[in-house]
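These notes are about the structure you will find just below.
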Protein chains: 4
Amino acid sequence: MRVLFVGDVFGDPGLRAVAMHLPDLRPHYDLVIVNGENAHHGKGLSRPAYKKLREAGADLITLGNHAWDHKDIYDLIQTEPIIRALNYPPGTPGKGYWVLEAQGERLLVMQVMGQVDMGLNLYDPFRTTEALLAEVPHDYALLEVHAEATSEKYALGHYLGGKVSALLGTHTHVQTADAGFLANGTAVQCDVGMTGPIHSIIGGEIESFLGRFITQRPTPFKAASGRAMFCATELVLEGGRCVQIRPMRWDEPE
Amino acid sequence: MRVLFVGDVFGDPGLRAVAMHLPDLRPHYDLVIVNGENAHHGKGLSRPAYKKLREAGADLITLGNHAWDHKDIYDLIQTEPIIRALNYPPGTPGKGYWVLEAQGERLLVMQVMGQVDMGLNLYDPFRTTEALLAEVPHDYALLEVHAEATSEKYALGHYLGGKVSALLGTHTHVQTADAGFLANGTAVQCDVGMTGPIHSIIGGEIESFLGRFITQRPTPFKAASGRAMFCATELVLEGGRCVQIRPMRWDEPE
Amino acid sequence: MRVLFVGDVFGDPGLRAVAMHLPDLRPHYDLVIVNGENAHHGKGLSRPAYKKLREAGADLITLGNHAWDHKDIYDLIQTEPIIRALNYPPGTPGKGYWVLEAQGERLLVMQVMGQVDMGLNLYDPFRTTEALLAEVPHDYALLEVHAEATSEKYALGHYLGGKVSALLGTHTHVQTADAGFLANGTAVQCDVGMTGPIHSIIGGEIESFLGRFITQRPTPFKAASGRAMFCATELVLEGGRCVQIRPMRWDEPE
Amino acid sequence: MRVLFVGDVFGDPGLRAVAMHLPDLRPHYDLVIVNGENAHHGKGLSRPAYKKLREAGADLITLGNHAWDHKDIYDLIQTEPIIRALNYPPGTPGKGYWVLEAQGERLLVMQVMGQVDMGLNLYDPFRTTEALLAEVPHDYALLEVHAEATSEKYALGHYLGGKVSALLGTHTHVQTADAGFLANGTAVQCDVGMTGPIHSIIGGEIESFLGRFITQRPTPFKAASGRAMFCATELVLEGGRCVQIRPMRWDEPE
Ligand SMILES: [Fe+2]
Ligand SMILES: [Fe+2]
Ligand SMILES: [Fe+2]
Ligand SMILES: [Fe+2]
Ligand SMILES: [Fe+2]
Ligand SMILES: [Fe+2]
Ligand SMILES: [Fe+2]
Ligand SMILES: [Fe+2]
């Protein structure tokens, strides 16, 4: 089973890059999963953004800490193939996992949010993930860890002891160069990277984002515009495990 | 001018990797700078660790949030080519920058620590760096940003408007795949990555590090052992700017 | 010199309590200082709120982390007796201190914001305050510390070595019972308390504020309504120091 | 039922104050509960400190974020009437609640730790407390909230909707002046205050504690010495609810 995971799609540049590049890649994969937490102008997922991601070939959309920024999500998440983090408290709308199927095999896709430096107090991602893995039948499992700290991402990979085929980090918006395998067999990459505007501060417009740092006063958030990069990671799942993990980056032509 | 920057050297595996690999690389560079904040069993820099790094070819050692973990540093930092972050308060031992020379040109090396999620309240890294750049004569400037947040690293790169030749991040211990150039000409890489034990949680021994996450009780810190990776980034400085940035990783043979 | 300091005025209930109670107290004091950071529906200071506070008898209004929540402030702070924290970066609108006069003596009023757990990276409150005290001529000095951590408030009081007549904390919205004197002579109270709605979560409407904790999703902020408490602290300054510190609380009648 | 709750006993001065003052108070109460998280030189609970607290009249000792600082606790907590926070993860040694009896009635005593700004990622204190209240039979319930944020303490009090007779905060080491009743009938005080050295920074020795703020480098922690204050809160439980909450402070004579 060949799976493509596309990192945090950010604003119109990100949506444009997905529309341009994903259709070319789509035929080479059985399943395509896209993180869409920043698709609506950098903040959350809206219905038009959702439609664009699906039309470009996404089978499942994942969210993150920006999940609830745009109110459309409260409808979309009831009916569409969209997941938010699994470790939100009881009563949270939507689901924290989804089972996709390809070639007669089931891929369990889960997202958890980290607890370190995320400004949120979500439930224990370690035991929550472990419990779900025991509960939901699957042939392969992919865990997206939407988190800040590299230590927490690696800790989860080691904790789960090979029970997930692959662990892919998101949220920092910077692709990491560590794609590889843990000793327990789990494929890991700390961050898939962003699919969004290159000339930006992690997607945000430079002047307004700088304002936050420089003034320490509230500044309006703006998504940057301009050429986009497309960051994604390919996973090949075979014989009960991930046998290949390959990050990729494509830049919109000038 | 060819410069090699070696990322956070972690414990004995990191020192061993430096001793094995750096002498091979050394002849190809004019200057070698090494982050040594984790060289002493993962915590700070000791005299023996310092000697090993220097003997392997380091011209300058940089520190980080672990700067003060080992008490040897209070002597070493008075006399040796070692820098701690520039944005510590007045009265802090040691210096926050160093001017190295090669081929008749001066490279100003500075380190700042980020303010976001570092558990410290250091001085403003933006204006502190800007002021130093105006004050210390140099031909090239290299800014090491020891920080957690990718946004803060990029924000600094944009804020400084091309006045630094290169900005290299450290601290997350995971090499990033974003090496490139900002629109203002500054070469950037979010994190150079760690030089330390591969089978670990960012250098720490897996069981003890997992304990922190799983128990939320204090657990003794242990450095991991075993095969090391060596992460570094090459910079070529020419004609007043950085013209090449190239990350590298070498793994100790099994 | 008799000074009254009124704690964080919160929303309409707070403004109402000030309007009802402050005029009765006003004749007994030479100077009245009011923290107004939450006066505009719990978020910032607006022109109408400012007018109400002044008409009720305030000589000087102080702000806090909510300083910039309402855009009126950007005009008001240019011309009116209003201060924001002293330890904002250079270029911040407004002033961080004000010199009031009464009975031929000058009271220097300063506000600093804490660095611990405030979600901001302001400048060093210790050295910033110390420098200002050396620079601005005064007979008495009152330092408002707008901060979360009790340790930081006490640390400032000890650090300043008796150079401030009184240190009053604000921001937690809960009056503390520790009013007294440090060994160095400075009068201290960790928090003056809120002037705002009693039936609330530190001023906020209960249901919406609970939502943040329970759902970990964004929830609209609402100020509570209903009966208000009025929290303030009286300082008597004589012979070069504070000789009396007396907290008070008045509750709006049912 | 008359209950006395003694706030965070800090180091030898705190133990001394308890030994001097608690025996006088003891006969007036049915039950005495003491927070001992700082009893061993400011850090955790040791066997000798435990014995002193018990000999002075404590029926139950509670802990906090310093629970695990002294290794004695791992033995003591197995057999003695000591509780740590209820919302530690599964597998944590000890218990998070205790049922005391007096006058034929059962008082359920629980401790939870806050999630805001505590530097820990414990389980949801809201639902954890709610579930325990439903599970453990009791006539009265006392909830100690060991937490930093005033908002979280009040939020818990409102969330539990009168199911706890009283909620007493600890951890900030500063007694608050807000003792009273929520609309739902629960008696509340944001912080009981510390029983420890007066001339200190929340118990810590002034010079060393200041060092942390001023240098931003690690500084050895020292407990302060000298005269102690004794902070406690009296609760009268009758007819199914708390009918009186009365904070007190006693200072060691000079
Ligand atoms: Fe994102
Ligand atoms: Fe995110
Ligand atoms: Fe490091
Ligand atoms: Fe570091
Ligand atoms: Fe505030
Ligand atoms: Fe406030
Ligand atoms: Fe304590
Ligand atoms: Fe505590």
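Placement of Cβ uses the backbone N, Cα and C atoms for every residue, glycine included.
Just so you know, TrEMBL annotations never went through curation; they're auto-generated.
Note that the structure is a prediction, hence the values are computed from the model and not measured.
Just one of D:H21, D:H158, D:H171 is listed by TrEMBL for the same Fe cation 2 site as D:E37, D:N65, D:H146, and that one is D:H171. Record note: TrEMBL gives D:E37, D:N38, D:H173 as Fe cation 1-binding, and the candidate from D:D8, D:D12, D:D59, D:D72 in that site is D:D8.
Ranked by how many other Cβ atoms sit within 10 Å of their Cβ, the binding-site residues D:N38, D:N65 place D:N65 at the bottom. Distance noted between the C-alpha atoms of D:H173 (Fe cation 1 binding site) and D:H146 (Fe cation 2 binding site) is 10 Å.
The recorded positions examined here are D:H66, D:H146, D:H171, D:H173; by Cβ neighbour count within 10 Å, the least packed of them is D:H66. Taking Cα separation as the measure, D:N65 (Fe cation 2 binding site) is nearest to D:E37 of the binding-site residues D:D8, D:E37, D:N38. Proximity to chain C (Cβ-Cβ under 8 A) holds for D:H173 out of the recorded positions D:D8, D:N38, D:H66, D:H173.
Sequence-distant neighbours of D:D8 (Fe cation 1 binding site) (same chain, six or more apart, CB under 8 Å from its CB) are D:G14, D:N35, D:G36, D:E37, D:N38, D:G64, D:T170, D:H171, D:H173, D:V192, D:G193, D:M194, D:T195, D:G196, D:G203, listed in sequence order. For the recorded Fe cation 2 site, residues D:E37, D:N65, D:H146, D:H171 set the reference point as the centre of their Cβ atoms, and the other residues of that chain within 8 Å of it by Cβ are D:D8, D:N35, D:L63, D:G64, D:H66, D:A67, D:A85, D:M113, D:M118, D:A147, D:T170. Mapped onto three states, the DSSP output places D:H146 (Fe cation 2 binding site) in strand. The number of other Cβ atoms within 10 Å of the Cβ belonging to D:E37 (Fe cation 1 binding site), over all protein chains shown, comes to 29.
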